Amino acid sequence: MSRLLVIEDQKKLLQSLERGLSEEGYQVIPAMTGEEGYQQARSVPVDAVVLDLMLPERDGLDVLRTLRSDGFNKPILILTARDTIEDRVQGLDSGADDYLAKPFAFAELLARIRALLRRDVVNRELTLKADDLEMNLVGRSVTRGGVEIDLTRREFELLEFLLRNKNSAVTRDMIAREVWKEGSGTLTNTIDVYITLLRKKIERPEKRTLIHTVRGVGYALRDAP
């Protein structure tokens with residue numbers, strides 16, 4: 001049974017979530033303040049967190065950032081009435097894995113929680129490899145031919161997505177949705193820039209090319225000619 005920490009200050013909503021999630025087979029740990037939620041996440045093993053942003057005692061974003069800086073690596077889904085693009089970007093860039101605005105459909109919340117839990121199982125792999133490129137998911141390090149490569153957080157996430165889809169073409173829309181957590185409408189140029197930055201860091205003139213442009217589609221990371 002998966003254990004979910006739900007941090008929500010609206011009592012009726014919290015009770016409704018606790019009841020609904022319990023009926024779906026989840027064990028729910030409720031918390032009504034940011035500080036209580038933070039302490040629960042630090043002291044009780046959980047599989048995922050559902051986090052409101054507008055919380056008493058401690059703002060949800062502060063809880064999120066502090067947990068991530070502490071090394072908390074379980075999925076965190078933001079569930080909030082804040083629904084501007086700026087809010088979504090800030091939440092995702094602060095370490096959230098998903099973002100759902102209120103009001104919401106309970107069925108969609110369930111689907112997103114299931115997806116996050118599935119993704120977390122996949123993320124438990126220790127390493128991803130292509131040719132002599134190796135990504136350590138635990139230490140969040142990347143090497144090629146044994147030489148460490150320094151990547152930003154976004155570059156690491158992009159490379160991880162390409163490695164997980166090794167030898168398959170991925171579209172810019174897929175990259176935007178899975179790495180940036182939004183549609184590709186305004187991100188096409190940004191994605192191309194990050195691909196260029198990534199190539200500069202991982203490609204070597206004397207070695208096999210790994211990241212290929214697939215004309216009319218997007219990109220593919222290949223570890224075979």
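Glycine too: its Cβ is placed from the backbone N, Cα and C atoms.
For reference, TrEMBL has these:
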- 125-223: DNA-binding region (DNA_BIND)
- 3-117: domain 'Response regulatory' (DOMAIN)
- 125-223: domain 'OmpR/PhoB-type' (DOMAIN)
- Asp52: 4-aspartylphosphate (MOD_RES)
Helix-strand-coil residue split for the domain 'OmpR/PhoB-type' (125-223), DSSP-based: 36 helix, 25 strand, 38 coil
Local confidence of the domain 'Response regulatory' (3-117) - pLDDT mean: 93
Neighbourhood of Asp52 (4-aspartylphosphate) by C-beta distance under 8 A, where only residues 6 or more apart in the same chain count: Ile7, Glu8, Asp9, Gln10, Gly60, Ile78, Leu79, Thr80
